[in-house]
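Look at Swiss-Prot and you will find N63, N167 tagged as N-linked glycosylation site, backed by sequence analysis. Residues annotated as transmembrane segment in Swiss-Prot, with sequence analysis given as evidence: 15-35, 36-56, 107-127, 132-152.
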Amino acid sequence: MEQINNFYSTILKSSHPFLLSIHLGGKAVPLIFYVLGSLFMGFTAQFISVVLLLAFDFYITKNISGRKLVQLRWWYDTTGKQSSSFTFESYKQFSPGPSINPIDSKLFWWSIYLTPIVWIVFGIMCILRLKLFYFLLVSVGICLTGINAYGFRSCDKWEPNANEDSNNSWFQLPTIPGLDNLNALSQVQSFFQSRSG
């Protein structure tokens, strides 16, 4: 009981205790529904519930809690007009404002990195137990939490004054020669999007 009181007092020391609670709850609730959902609902209902909870967590983390708790924001550029596909917004590019609360930062980063690891462990367990349909559900969890972790890590390492080549130098996807047509396809898609909008 003392650990719960200590955790509660830690949350209260946050700059945004309600938002931090929603952020941590958004990480925990899909995991709880995955572990305990089969006790009180069928697989289809559990699958849909967990995917919707993961999507809610992805949206809240990417657009609200990341912006408020650690002053970072990222999005993926789908227009194909930029050479870098990720666009970042960071406290580093603006004049100094309110400082980042260390409790907010610590709990945010721990939850961002720990959640994909937990989903990966669940994925390994699904493979070992040959539960392929549950593995599909876990794969959604790995993808959504992993993309958020990747985006926020890239945003945190991003330097606004550095050239574009050094922004993504810690991890780059390989260039595959046969996939040059994807660039042309994205240009055609952006052409039609600009005409319709």
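Cβ atoms are placed via backbone N, Cα and C, with glycine included.
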Which sequence positions outside the transmembrane segment (15-35), separated from its termini by at least 6 residues, show Cβ-Cβ distances below 8 Å to it?
46, 49-50, 53-54, 56-57, 60-61, 64-65, 68-69, 98, 101, 103-104, 107-108, 111, 114-115, 118-119, 122, 137-138, 141, 145
Just counting, how many other CB atoms are there within 10 A of the CB of N63 (N-linked glycosylation site)?
13
